[in-house]
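Features as listed in Swiss-Prot:
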{"type": "REGION", "residues": "1-36", "note": "region 'Disordered'"}
{"type": "TRANSMEM", "residues": "43-63", "note": "transmembrane segment"}
{"type": "TRANSMEM", "residues": "67-87", "note": "transmembrane segment"}
{"type": "TRANSMEM", "residues": "114-134", "note": "transmembrane segment"}
{"type": "TRANSMEM", "residues": "157-177", "note": "transmembrane segment"}
{"type": "TRANSMEM", "residues": "216-236", "note": "transmembrane segment"}
{"type": "TRANSMEM", "residues": "277-297", "note": "transmembrane segment"}
{"type": "TRANSMEM", "residues": "322-342", "note": "transmembrane segment"}
{"type": "TRANSMEM", "residues": "395-415", "note": "transmembrane segment"}
{"type": "TRANSMEM", "residues": "424-444", "note": "transmembrane segment"}
{"type": "TRANSMEM", "residues": "511-531", "note": "transmembrane segment"}
{"type": "TRANSMEM", "residues": "607-627", "note": "transmembrane segment"}
{"type": "TRANSMEM", "residues": "644-664", "note": "transmembrane segment"}
Amino acid sequence: MAEEARGGQRVVVDDDREDASSVASSTERAFEGEPLPSLGETVTARSAAVSGVLGAVVSVVAMRLNLTSGLLPSLGVPAGLLGFFLARVWIRALDVVGVSHLPFTRQENTLIQIAVVSCSTIAFSGGFGTYILGMSGKSANEGHIGSHGRNVEEPNIGRVIAFLFLVNFSGLFIIVPLRKMMIIRHRLTFPSGTATAHLINSFHTPHGAKQARLQVVTLFKSLGATVLWPIFQWFFAGGKNCGFQIFPTFGMAAYRRGFYFDFSTTNVGIGMICPPMITASMLAGSIVSWGILWPYIETKAGRWFPENLDANDLGGIMGYRVFVGVSMILADGLFTILSALVRTACAMRKRRRGASTVTAAVPPFQCLSATERTMQSFDDRRRAQVFLRDSFPTWVAVASYAALAALSVVAVPLLYPQLGHRHVAAAYVAAPVFAFCNAYGVGVTDMNLSATYGKIAMMVFSSWVGMDGGGVVAGLAACGIIVSAVSGSSDFMQDFKTGYLTLTSPRAMLVGQVAGTALGCVVNPAIFWVFYKVYNMGGGGGDGADVAPYARAYRGIAVLSVGRHGLPDHSVLLCKLFFAMALALSAAREVAERRRWRALRYIPSTIGVAVAFFVPPRIPVGMAVGCLALHVWRRHVDAGGARLLLPAVASGLICGDGLGSLASSMLTLLRARPPICIKFVSRFENQKLDAFLATRHA
């Protein structure tokens, strides 16, 4: 047993040889004979061309989906897959004409995937279907409050591009100093990033590795079957509440509360990758919130909050869901930060006292059994060596964020005068805290809550500025600052996980992220501008397919925040209560882990419980199905095979669902309509339906 210092990071390694099982299940053994490409061999003209073409094409699809449905399938896996095939086509073309070329490596494939995803996700985080369109007069014309004057700002392509360049790079520099802590020390899962990495590794596995070929075959079997499943489901979703995805697994009463299995293979795959404690915690949180708390609060309609409000109105039941869940996430995140600061201070104090060895502190992350593990496998040592080799100075990241914040404090009020300099400064002070909490949650549960943090910022800044000062536009613009920073941070950390598992240089990842973000800040506004001019976006009177549904919702939240305090009755009290409970739960897990209590396995994860307050219960149910399938596979089928093939199977489930959803979305974009409707009704409703049909036939 020995310690190696790499890039200032202490990594514990085992000098003994790995046992036969660990060697057999090693991914990096298959690539051991391949030299690692340099930065110049990763960032090539080929990767730049493929990234540019794919980024633009995928952005068109993402923008169209954003402006019509507000939904977006996972783009990471399709980007990696399409990048692989386009690069192969490029190579074949060069071979035909006899031009020499560099080998296409998994590191270059990862770079393409990072650039394409960072470009296309700006279609959503850029707010084209939400806060930017919500500022327009088309969205305001339907309302009677704040529909003119300083509370309306028509979209302008030049202003939008400038705003995106100011706010979209800040999230990258927030998260860079935390990459070692989250990826190396605490081993956060980042399920989507892990799935993408296994997919890319499978594409580039050397032919001599028998085990790798088995993983590739398994992955493509899982992928192929899963791709067809969403397309098959589409044929039976020919109406509202139709299709297999609304199967009332536990009965109609549970279905109405959201407790059912929706046959989403993405959730099943995530459940197979995530630790069982996370899945159990999310199930517990769903039962407490969706099974007990929200039904009770709904009985208070008319007293605690107005009746007949829209389901997404933060002045109603949605307000309790958002604020109570956010209070728990903030409590756990702040506890984690404070614990890390205390442990760091203690370690520094011991060093100053001349201690020869500083015992590694137990990290404060509760969700993942995050105690620093001994890096015993060849894969762990190899990946850590590459990941820590090209390190970024922390002061450079901090200075870059400070410079971007200072530039935004000056420039954003010129673009949106409703936001003052102090408002922008306050947003940039709060953004790192939100970004850390969100990246932590994404690493554990794969749930990105950046839009939720943006809504919180929208309400705060709208109330701060007020109606007369243009609080509606101010809140929407502040939402953009927070969403861009928070979403960019979590997306980049997902990419760090992908790069860690594919031995991609962190510097190459930063280049790909910056290049893709810069491209997205230009391409997406141009695409949006075409849609905005050609179609009737943001207002009524269109052809029905061109109305952005979330633009009015976001503007309604801002108007609600300006016109009244915005918070439903007793929500602040509930937030305080659950904030205290979350702190107590985090402290209990910390004490139990420090003292190695057996009760630790029964104390739920705070972040898992909190996320369940937002997401529908069908997601934890799907994850539980995946966790149960993995348990049966390990205990009753083949433990060795489960250890070897689990990443491939889970990746195929997640990736295939993303590709299949993209294909079914394309059918929707082509205005194709499913021919069949499968609907589940109760026995009494079926009797009424039969009676009605009998009268029609008579």
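From the backbone N, Cα and C atoms, a Cβ is placed for every residue, glycine too.
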Legend entry - Leading stretch by Cβ pairs under 8 Å, where the reference is the transmembrane segment (424-444) and the options are 277-297, 322-342, 395-415, 511-531: 322-342
Inset, instruction - For the transmembrane segment (607-627) and the transmembrane segment (43-63), check the count of CB pairs under 8 Å (sequence separation 6 or more) and say whether it reaches 3 or more. - result: no
Inset, instruction - Would you mind listing the long-range same-chain contacts of the transmembrane segment (511-531), meaning Cβ under 8 Å and 6+ residues beyond its ends? - result: 39, 43, 47-48, 51-52, 55-56, 59-60, 63-64, 67, 110-112, 114-123, 126, 128, 132, 155, 157, 160-161, 164-165, 168-169, 172, 488, 492, 495, 537, 546
Inset, instruction - Please give the sequence-distant neighbours of the transmembrane segment (216-236): residues at least 6 beyond its ends with Cβ less than 8 Å from one of its Cβ atoms. - result: 198-199, 202, 205, 242-245, 263, 265, 645, 648-649, 651-653, 655-657, 659-661, 663-664, 667, 674-678
Inset, instruction - Residue list, the transmembrane segment (395-415) vs rest of chain: Cβ under 8 Å, 6 or more residues beyond ends. - result: 159, 162-163, 166-167, 169-170, 173-174, 176-177, 421, 424-425, 428, 432, 477, 481
